[in-house]
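Enquirer: Pulled these from TrEMBL:
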TRANSMEM  A:47-74  transmembrane segment
TRANSMEM  A:80-99  transmembrane segment
TRANSMEM  A:119-136  transmembrane segment
TRANSMEM  A:148-167  transmembrane segment
TRANSMEM  A:174-192  transmembrane segment
TRANSMEM  A:198-215  transmembrane segment
TRANSMEM  A:227-245  transmembrane segment
TRANSMEM  A:251-269  transmembrane segment
Amino acid sequence: MSAQPGTSTEVKWQKVLYERQPFPDNYVDQRFLEELRKNVHARKYRFWAVVFESGVVVQQLCSVCVFVVIWWYMDEGLLAPHWLLGTGLASSLIGYILFDLIDGGEGRRKSGRTRWADLKSALVFITFTYGFSPILKTLTESVSTDTIYAMSVFMLLGHLVFFDYGANAAIVSSTLSLNMAIFASVCLASRLPRSLHAFIMVTFAIQIFALWPMLQKKLKAHTPCSYVGVTLLFAFSALGGLLSISLVGAVLFALLLVAISCLCPFYLIRLQLFKENIHGPWDEAEIKEDLSRFLN
Amino acid sequence: MVSFGDPGMVLKAFFPTCCAAADSGLLVGRWVPEQSSAVVLAVVHFPFIPSQVKEFLAQVQQTSQVGVAVLGTWCHRRQEPEDNLGHFLEGLSAIFSHEPWLQLCREKGSTFWSCKATRWQGSTSPGAPSEDQVMIVFYDQRKVLLSQLHPPAILPDQETGDAAAGAVGLAAVFHTVARSEVLFRSDRFDEGPVRLSHWQSDGVEASILVELAKWASGPICLLLASLLSLVSAVSACWLFKLWPLPFIWSKLSTCEQLRYRLEQLTLIFSPQKAENPSQRMRKANMCVSVLLDVALGLTLLSWLHGKGRIEQLADALVPVADRVAEELQHLLQWLMGAPAGLKMNRALDQVLGRFFLYHIHLWISYIHLMSPFIERIVWHVGLSACLGLTVSLSILSDIIALLTFHIYCFYVYGARLYCLKICGLSSLWRLFRGKKWNVLRQRVDSCSYDLDQLFIGTLLFTILVFLLPTTALYYLVFTLLRLLVITVQGLIHLLVDLINSLPLYALGLRLCRPYRLAAGVKFRVLEQEAGRPLRLLMQINPLSYGRVVHTYRLPRYGCHPTHSWGSLCRKLFFGELIYPWRQREDKQD
């Protein structure tokens, strides 16, 4: 501390505090910024890969759209419930067979889930929904229709927000997302004219919100080409359904899909150019070693 | 004001006002060295024989356990100064040696007092007596004798401060006067070997009635006590301890009140004498409260039995119960519609409404089945008033409980249903968010549920959410009704408790003889002149009414509101059953 910095230039400065040096504590020399690094963890994105990944969002939007369209048809009496039940059962069966065929039964062996358990779950779904459908029918009789609509919109938006799109974030909760979708479907089903309608609507909600995303995930992992095809097909069918109800809605929905699948990836890649993430010795210490073995 | 608690400074002579006019003689009293005060109890007149005086004092000392001694001389100059008397009085100090020797003298015309306190030992020059400064405090001997100082239990070895020391000094004075009661027993007409002047009663008034009562009270007490012990033995019989009976007894306020009354009477007629003043006071309080209670009860009885009021009452009772049931029916029908424009679930509303309507129907049939017997029941209940007003009030409370049994049932059903919904909703809300309650760690953890669990949970959650308002409304209405009944019963119990626990005798004593219950004393300056002793008058401060009630309140029976308002509201919100006063009516039918 006593010596002047000018008189002791031959003494080499060291970045340690445990040795007595002729420099003030906050002194740094020119070598300080040599260790600066930029964009260490930045990833290079390719446009089509990002578009492919955005398929999950498009699929979920389309699911909600298809659900709402089907409900509208049922409410208007344009769609016979038997027909929906038949289609739903047939597609569920096909999906169930596909689910095992895609990875050759490997996922089933890993999870150790038997077909008996699947059958039991299906029976529980159907029995409970069928048993409760008269209650569901009269549940919201005295509540205003607008309240029900507002509640359903809120719940479906919540479903989209909390859905597990594959991102690693705190907000993601697949349980909450599924529960909100079921709540919305129960609310909407209670507006339908008969209890059979309500039963079929809730069954359909389980198929489209719980079972369909599971099949999609498997398709995406094992056969990416067919996944693209299925996504496109699904998107166009949702658009077609919406078009039959309202032209404006269909146009807006198409614009939304295009924006999510094409514009957003493009914008993301453009914004990568402006990324300036600096790293250096001032960063917090990071523990590189895997400590998870100490946890158990 | 005089600082009372500094010992050693000024000698305090407590002098009874009744002795101010006494003839000259010897001062008899007790010397309290810790307070340096002399408590004069009496004056011994001339002529006397010193050995007789000594013998008499030893006798008093033995019976009263108070160190009574000759403290000095008293000289009352009525005529011209008598020098020979003065010398004679001085000579007495050689016979009755006491340290210090007081010489109290009242001049002619009663306004001039002089006092000397002489010490032979401890003075600077041996042989020459030293004199202390003296303060004369007058006290009313009768009032101090009869009064009881509060708080009573102060140990003499407590020396915590000036105030405590002052209180101890006062307690010593009061104690001394109270213990020397033997000294005052002789009255004006007694001719003993020693002639004394002190407070005296005007002789014992002899009355044949009083003597007879005194004479008869012992055997009567004994007889009643044995009768009461017989009654309590019967009530403790094993037949009354078979399983459901003790539970029912504990729920009926009449039984509680009767048990309490039995305890009271046993205590009053117990043949043992009360040991200390507080026990004596408790006994007196109990006696007065029982007497007042019975007097009020008899008044009620005479009112009831005059002009056929019992028949009127019995005739009115059934229509009142009918009316209540009818009002409840109207309320239920209102609830089954759209009460206050609320959106209720119609199906559940109808089911609940019909269930409760059927209940009321059952209740009305029960009342009508009972109606022929009601007059006889009321007549017998009216007889119970001769046991006291409190007993009949307790019976009234029990009858109200019985007549509103349907309200209680509704409340229980509503609360159970509501509690079920609230519990279910709170746990399903956790499931809805993908959480669960970890019992071991007492916290909410995240949990991964199966698809079917999630589905059923959410389905039930939705149903419960939409059904909650209906249940909550029923619960609210019936809880309000129940609270109304509880309030009425609580008021009756408050009245009963008031009669049971108010210390009426102590209050009467405070009203008529304020000096009997002393909280402390105050001093009034009579004369303050240079060269003459300070003369003070000690007056007794009576205890305040609030303290009287607080000190002598009789113990209550039964349990009392244990809820705070916060916990009560919490219980109401979560639908737990409340019993703000007591748990009753569980098994009455």
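For all residues, glycine too, the Cβ spot is worked out from N, Cα and C.
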Enquirer: Do at least three C-beta pairs under 8 angstroms join the transmembrane segment (A:80-99) to the transmembrane segment (A:174-192), pairs 6 or more apart in sequence?
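Expert: With fewer than 3 qualifying Cβ pairs, these stretches do not touch.
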Enquirer: Should the transmembrane segment (A:174-192) and the transmembrane segment (A:47-74) be scored as in contact, given a threshold of at least 3 Cβ pairs under 8 Å and pairs 6 or more apart?
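Expert: Per Cβ check, the transmembrane segment (A:174-192) touches the transmembrane segment (A:47-74).
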Enquirer: With a Cβ cut-off under 8 Å, give me the same-chain residues at least six positions beyond the ends of the transmembrane segment (A:148-167) that come close to it.
Expert: 53, 56-57, 60-61, 64, 68, 140, 173-174, 176-178, 180-181, 183-184, 187-188, 190-191, 209
Enquirer: What stretch of A:119-136, A:227-245, A:251-269 shows the most Cβ pairs under 8 Å to the transmembrane segment (A:47-74)?
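Expert: Per the Cβ count, the answer is A:227-245.
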